[in-house]
Amino acid sequence: MENNSFLCEDVTELCADSTTPAVLIVVNLCGVVCNILNLIVLKTLDKSKRNRYFWIVVNIGISDIATGIVFTLYVSCDLNRLVVNLPRKEVLVYQVVINILGFATYFARNLILVTGSYERYVSICQPFNVQTNKVLNNLGVCLGTTWIASLIVMGVPLATNTRKYCFGVFGSMPMEFNTQTDVVFSSSITITLTICVVLLFKTWKELKRMQQRNAAGPDDLMVKRSAQYIMIICITFYLLYVPAFLSVILSLIEALPKGQANATRWISMFYQTVYGIMNIVVYIVMTPGYSAHILRILRIKNVRVQPSENVPTNRGNC
């Protein structure tokens, strides 16, 4: 029997429609597995190729894995049914923690993309400053700080006022948050979006100038493709705010049925899931030699699993 005190007002039964959450979980887990496999393949690259851009790509993959796991926990019907039957304090702690992890991972994605945009901007627009740039020289510390800062920045507002928190259509993700969270989250999106747009626009202009000069060097293709990769994933990432924003607007219009707002939020959540898989596809397409590296690994694995009787021997000549 579900504890109705934790259910949202318009929800009489948790996971009344379990099909949509189940599909989202399957897609999420596929994305998590794909990103884990991609990180394993990245680890096999020669150490000479593990530059600053490499570690940004790794952190993008980690953020995609974390997002997939958290969104799976958000909508898991079995888990949420179990949680709502716990004592009130434990239910509230769980919901606060899972939402802090969800929003922190989301914010970390923003900051990692900003860091990636800045790294490409300096590498392309200010190549002579790369070796002396303090941010790039301490990139590992910056990326680590990104995760810690995300937990603090999103954790404080999410834990300050939990009056509107409840379990509903989206599992442990409330339909409404407190004002502090809305302000901090919207401000963080606006700031990171603005920084990314400015940096990537300047990078794009420099790439155009490089193309016009027609001074192609041996590493120009890699530089161009890496910048284009960051541009593509930034654009596609910020596009997911469109259905999320529409969901908020539709939920504020009382004359409209709540089903429309719910549908747009589901679209946003599915977009989040597919985005993690799309990142891998774009990286493979945009990175010269990476697809060949994957095929080479697969060929090596194939040779290793061949039956022993197919391997010729010279025992008869001994």
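Each Cβ is built from the backbone N, Cα and C atoms, and glycine gets one as well.
Automatic, uncurated: that is what TrEMBL annotation is.
According to TrEMBL:
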TRANSMEM  20-41  transmembrane segment
DOMAIN    34-283  domain 'G-protein coupled receptors family 1 profile'
TRANSMEM  53-74  transmembrane segment
TRANSMEM  94-114  transmembrane segment
TRANSMEM  135-159  transmembrane segment
TRANSMEM  183-201  transmembrane segment
TRANSMEM  229-253  transmembrane segment
TRANSMEM  273-295  transmembrane segment
(message) Would you say the transmembrane segment (273-295) and the transmembrane segment (183-201) are in contact under the rule of three or more C-beta pairs closer than 8 Å, pairs 6 or more apart in sequence?
(response) no
(request) Give, as a single whole number between 0 and 100, the mean pLDDT over the domain 'G-protein coupled receptors family 1 profile' (34-283). (result) 86
(request) Report, as numbers and ranges, which residues of the same chain sit near the transmembrane segment (94-114): CB under 8 Å and 6 or more residues beyond its ends. (result) 56, 59-60, 63-64, 66-67, 70-71, 73-74, 83, 86, 143, 146-147, 149-151, 153-155, 158-159, 162, 165, 167, 172-174, 177, 181, 185, 188-189, 192-193, 195-196, 199, 230, 233-234, 237
